[in-house]
Amino acid sequence: MASNDKGLEEIPDSQIESNYDEITDSFDSMELKPELLRGVYAYGFERPSAIQQRAILPIVKGNDVIAQAQSGTGKTATFSISALQKLDPNVKACQALIVAPTRELAQQIQKVVIAIGDFMNIQCHACIGGTAVRDDMNALREGPQIVVGTPGRIHDMIQRRVLKTDQMKMFILDEADEMLSRGFTEQIYDIFQLLPQSTQVVLLSATMPQDVLEVTTKFMRDPVRILVKKQELTLEGIKQFYIAVEKEEWKLDTLSDLYETVTITQAVIFCNTRRKVDWLTDKLTARDFTVSAMHGDMEQAQRDVIMKEFRSGSSRVLIATDLLARGIDVQQVSLVINYDLPANRENYIHRIGRGGRFGRKGVAINFVTADDVRMMREIEQFYSTQIEEMPMNVADLI
């Protein structure tokens with residue numbers, strides 16, 4: 001237990017102190033199984049991101065690890081690669097358990113695990129609310145090596161004894177700050193009580209509020225602490241522009257003009273409210289643009305269909321709210337449009353960090369009214385980045 005550890009006291013800007021600084025700057029030098037390495041490259045990775053360079057090896061070595069990193073830094077692949085490296089494909093039982101705050105994120109993690117583990121003959125099942133319990137029970141009886149899910153459903157499955165814990169080696173908590181702020185603390189503590197004492201714990205969180213630190217002191221043994229600072233986040237490779245729009249009402253015409261100029265392979269358009277998402281969807285549909293929309297008011301099944309269509313490329317433009325910024329990870333997104341600038345600067349990275357992840361190129365275009373200029377300057381300062389006026393030849397850049 002690390003409860004007396006100075007580094008775990010909350011620091012004013014809620015950052016942990018790193019106690020580990022070894023870097024492995026290529027996947028080849030991580031001594032991964034050949035079939036896993038093949039999956040990593042097939043997925044489209046070329047070189048590890050900042051968090052992957054630091055965290056994969058200590059996790060694979062069996063240390064408890066706390067990693068503080070924002071969305072869009074490659075953390076899903078960090079723990080997916082680590083778990084795949086550690087598990088035994090011949091043992092048909094859950095060896096790595098991953099909990100996440102939302103269904104979308106859980107499904108996203110499942111897709112990444114399956115894609116990277118494509119050549120390994122492993123199974124990964126997602127246990128999430130809003131689906132039939134019987135389906136989960138049947139899938140878990142097959143003994144998938146990795147199970148990912150939301151805390152409520154995972155806890156339920158362990159209690160029903162269909163999710164067996166006796167072979168579990170790793171317990172991974174993704175977006176721990178989000179999970180605890182959504183009121184899952186008790187369920188997470190209950191899950192911990194049901195796991196073998198020897199289970200390795202890996203916790204990932206964008207911020208380190210007191211309740212997250214409490215989890216780390218209670219359940220982690222002498223953890224390796226890794227902080228990926230804000231400036232290491234990947235706004236690299238993403239060209240950021242703004243279009244000055246005199247009035248809010250003119251944004252729609254601006255967007256239509258942009259549609260005419262640019263061939264969009266795939267784009268996400270962010271608005272700040274659900275109502276605005278619906279309004280914009282109606283307006284664009286009326287102008288014969290094909291768009292789909294997604295926000296938190298929708299039924300789970302409906303959201304799944306929309307995400308599926310978007311991932312497969314049959315729908316090209318997705319209009320969404322911040323709530324879902326964390327759950328959208330589509331490799332082909334070449335363009336992110338902030339129809340509204342985010343209400344807080346932290347969400348900027350969640351939104352546009354999608355566009356050019358891990359060295360993939362992307363373009364972000366911000367619609368900025370006079371009222372937004374201050375926020376845009378704050379965003380530039382916060383991320384030490386430059387948002388330039390959109391050039392005439394923007395079509396060549398996308």
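For all residues, glycine too, the Cβ spot is worked out from N, Cα and C.
Swiss-Prot lists Ala69, Gln70, Ser71, Gly72, Thr73, Gly74, Lys75, Thr76 with the feature ATP binding site, giving sequence analysis as the kind of evidence. For Gln70 (ATP binding site), the number of other Cβ atoms no farther than 10 Å from its own Cβ, over all displayed protein chains, is 21.
Residues or ranges marked as domain 'Helicase ATP-binding' in Swiss-Prot (evidence: sequence analysis): 56-226.
Swiss-Prot lists 237-398 with the feature domain 'Helicase C-terminal'.
The motif 'Q motif' annotation in Swiss-Prot covers 25-53. Taken together, the residues in the motif 'Q motif' (25-53) have a mean pLDDT of 90 on the 0 to 100 scale.
Mapped onto DSSP classes, the motif 'DEAD box' (174-177) shows 2 helix, 0 strand, 2 coil. Marked as motif 'DEAD box' by Swiss-Prot: 174-177.
In three-state terms derived from DSSP, Thr73 (ATP binding site) belongs to neither a helical nor a strand segment and is classed as coil.
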